[in-house]
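To keep things clear, I will list the structure first and then write my remarks on it.
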């Protein structure tokens, strides 16, 4: 950490003279900030900072000082963590897995609700610290005991490590709820982005486990539900919207799944998808499943490139249900707990939420849907971060709180 502080201080002249102007130019060259977006100037400013952090991180990585994700973590975790006097926070380890427990300080005459929380960050970013304010707010406002899981991430750890960490921590927590004062009939699984995908995977995995308390509800905030059909309307419309661009998403997907970036185009064009697979599962993956208002007249048709067997062999784990919970069997989907789904209009992954919503509803699972017109991917992690926060962040948090309290 001391080395990183020295790099930051020593690099200030380079920042102002070189990297910052590059970040600004790169933003205006590539970023798509929709007209009428609230706080557009703030979005532009933060995106430039984000590009700067990644650029410096890449330089440090090439110098073998630290990895780019670790440098971004370092900067992000410097943002203020609020000391909420109404919540007791305890850092623990379940085996080797770091977790953070949030408990309301006030005494309770009966067991409280429990929340399992899996943070976002595209499998590369995000941490217990960066989501501390989110978790503290959720625990306080819903009067719940919340467990946040600090799973291992790329680039050091690849699929399925993050899922395994979250599953093991969740099972341990579910087996010891009494020790934490949690009502076994009121446990909610919650997560954003890849954390939302982990919620979907874990609730599916635990279906039929009679030795564990059943998850009462699942909360998925702009989740990643599949990386198979990347030609959906939201991918076409929002591929350059800050802060999750198509280029960054593909970098994160390939890093998480340990796929060489040279296969990126094959994944984007669907060349790695066997035709029999597409014909069988198109009924779940196609944009035909989206509400009409999310399909635009200018949308390019979903056409697969000629099948490339080499690409398939290198990337076939993208088709696994653990990387595409949308593909779970009907008998599994039908047994899932009710869901609260959040989608953001300005999010490249918007249509993932809509596809999963239909998939759940088709199997009789009750879904409450909350769509944020001015929302963008990653806005939740900026909640309660002073200047860096946005109204959409607070709106999502309030919607999640109201849903959980209403269970």
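Glycine residues also receive a Cβ, built from the backbone N, Cα and C atoms like all the rest.
Not measured: the values here are computed from a predicted model.
On the 0 to 100 pLDDT scale, the model's mean across the domain 'Alpha/beta hydrolase fold-3' (115-265) is 96. Summarising the annotation, TrEMBL assigns domain 'Alpha/beta hydrolase fold-3' to 115-265 (among others).
The active site annotation in TrEMBL covers 193 (among others). Taking the Cβ of residue 193 (active site) as reference, residues of its chain lying under 8 Å away and at least six apart in sequence are, in sequence order, 120, 121, 122, 126, 221, 222, 223, 224, 349, 377, 378.
Annotation comment: TrEMBL describes 310-380 (among others) as domain 'Alpha/beta hydrolase fold-3'.
Per TrEMBL, active site is recorded for 347 (among others). The Cβ of residue 347 (active site) has 24 neighbouring Cβ atoms from other residues within 10 Å, across all protein chains displayed.
As annotated by TrEMBL, active site applies to 377 (among others).
The local packing around residue 377 (active site), expressed as other Cβ atoms within 10 Å of its Cβ over all shown chains, amounts to 26.
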